[in-house]
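**Q** I'd like to ask you about the structure that follows.
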Amino acid sequence: MTECKAEVTPSASNGHRVFSYTLESHTAAAFAIMNELRRERQLCDVTLRVRYCPLDTHVDFVAHKVVLASSSPVFRAMFTNGLKECGMEVVPIEGIHPKVMGRLIEFAYTASISVGEKCVIHVMNGAVMYQIDSVVQACCDFLVEQLDPSNAIGIASFAEQIGCTELHQKAREYIYMNFSQVATQEEFFTLSHCQLVTLISRDELNVRCESEVFHACVAWVQYDREERRPYVQALLQAVRCHSLTPHFLQRQLEHFEWDAQSKDYLSQIFRDLTLHKPTKVIPLRTPKVPQLIYTVGGYFRQSLSFLEAFNPCSGAWLRLADLQVPRSGLAACVISGLLYAVGGRNNGPDGNMDSHTLDCYNPMNNCWRPCAHMSVPRNRIGVGVIDGMIYAVGGSHGCTHHNSVERYDPERDSWQLVSPMLTRRIGVGVAVINRLLYAVGGFDGTHRLSSAECYNPERDEWRSIAAMNTVRSGAGVCALGNYIYVMGGYDGTNQLNTVERYDVEKDSWSFSASMRHRRSALGVTTHHGRIYVLGGYDGNTFLDSVECFDPETDSWTEVTHMKSGRSGVGVAVTMEPCHKELIPCQC
């Protein structure tokens, strides 16, 4: 049945009523008839004589000027603005393939077009030439669906040439997100040095480690070594070399033939890193994959196995795969996008057991896997990461308070003891700046501590640094910029809300704005230049609140609440999980 709309308007002042009738299918039916007339060469008033090049054989297309003008601003201008084509029965057209013009004419009559891998570039070129935006959009959507590591650079280049901003942006985003795969494809090696420098300078590059960018640049140079040798220094300056490890740099200096200038540049960076010289803050790669705050384990009447993630941008929480064994007093950290849960204790109805386990969570599949065990159980442990290795610091096993420290190498899945701290510490806070590991506060079995010490991995030795103004165990500790922030904790009498900041260059402590709530055994991390503290214990209650510190304004804001109150939680930041079957938390 033919669809229509009818509307009766109220009587006008003259007493007449108006009946409005719209036949919805009329336009499509009219164009279908016009298309029949075109195919039968009836009532046509123009012939387009199309050939791609002047020497090619032409192909004639008969059509109606009004239909062409209705679908293309170029044809409309051609036939209505007093141009010579207005009075021509045969209009010569060059620069577009006849098959493409045939498809565009067909679209003008039918509003339908088919594109495939072999023809989409030609059709899109033609649609851009004749400003047929709906066809351009269809081709753009098709090409976005076809993006893969082998063609993304070519599609981005094509989009830039024809001025298709949307396609160019989406292709570039694909390249940034999949840089490591794109960098192995033939198209990557056809980039000019200027294009490559621009690409690797982008903050949005999604790489697990800066070594991936370094290796990509070396491979690009090796592809045509003699021609590309002059560009090595420009590439190295664009790579964030201060994010590389000294061991990696040493291997590259030994195994690759560098020119004198590049060798000196890399050697200087190696010296800066191994001498732990303060450097300007290195801008982090910030891929457009959302970075979430993960909370693992914790204590609320008993140890918990929860893994949850908070998105500070949306305010949403996700419930993820639980730990296999509940743990509190654990620590968390991230290496190459993987979340590690270290040590802790299982406080349960059947008793308490300190843990020497290390578990690794992969956001790509929402799964945990066990890793090599530490040499001893460590409850209320502190951890830090230097050169892609985890340092497990202090903690306790029963009545034993550790000063021992061990280091985990993910590539070998093995632990190695390093020099012990000068002081036994449980409830210790740990942070890393300039490849130096800082252990702050804690409890030695007798006293809460204000002391702090610093570990040098090159020398494998600890040294004392300035003590805090306040004794604290179970404080939240993190590095932000060139400062170490210490938040809350327990002084032996009260839970604290005070905050101290350590200046690594001046070896001195000063107070910052206090938190809104007193907290010990809290979780802490940094996210986009701000500090987040989560949960903890205030002396009476297990807290579910989350506060955020802005160093620019020296102020705290309460931003959200966890699903339930808890203390002794491990907290770290990594990418949003890719697993789709996730459970939103009902907070």
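Placed from the backbone N, Cα and C atoms, the Cβ positions cover glycine too.
Residues or ranges marked as domain 'BTB' in Swiss-Prot (evidence: sequence analysis): 44-117. What Swiss-Prot lists as site 'Sensor for electrophilic agents' is Cys119, Cys241, Cys399. Under the heading domain 'BACK', Swiss-Prot lists 153-253. As annotated by Swiss-Prot, repeat 'Kelch 1' applies to 292-337, with the evidence given as sequence analysis. Here Swiss-Prot flags 338-388 as repeat 'Kelch 2', drawing on sequence analysis. The annotation repeat 'Kelch 3' is assigned in Swiss-Prot to 389-435 on the grounds of sequence analysis. Residues or ranges marked as repeat 'Kelch 4' in Swiss-Prot (evidence: sequence analysis): 436-482. Under the heading repeat 'Kelch 5', Swiss-Prot lists 484-529, citing sequence analysis as support. Among the features that Swiss-Prot reports, repeat 'Kelch 6' is placed at 530-576.
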**Q** Just to verify: the residue among Cys119, Cys241, Cys399 with the fewest other Cβ atoms within 10 Å, which of the recorded sites is it?
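**A** Across Cys119, Cys241, Cys399, these recorded sites, the one with fewest Cβ atoms within 10 Å is Cys399.
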**Q** Please classify the secondary structure at Cys241 (site 'Sensor for electrophilic agents') using three-state DSSP.
**A** helix
**Q** Taking the Cα atoms as reference points, how far is Cys399 (site 'Sensor for electrophilic agents') from Cys241 (site 'Sensor for electrophilic agents') in Å?
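**A** That comes out at 44 Å between the alpha carbons.
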**Q** Can you tell me how the residues of the repeat 'Kelch 6' (530-576) break down into helix, strand and coil by DSSP?
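**A** Looking at the repeat 'Kelch 6' (530-576) with DSSP, the answer is 0 helix, 27 strand, 20 coil.
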**Q** Residue counts in helix (H, G, I), strand (E, B) and coil for the repeat 'Kelch 4' (436-482), per DSSP?
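**A** Reading the DSSP string over the repeat 'Kelch 4' (436-482) gives 0 helix, 23 strand, 24 coil.
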**Q** What's the CA-CA gap between Cys241 (site 'Sensor for electrophilic agents') and Cys119 (site 'Sensor for electrophilic agents') in angstrom, rounded?
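**A** Checking the Cα atoms of Cys241 (site 'Sensor for electrophilic agents') and Cys119 (site 'Sensor for electrophilic agents') gives a distance of 43 Å.
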**Q** Average pLDDT across the repeat 'Kelch 6' (530-576)?
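**A** 97, rounded to a whole number.
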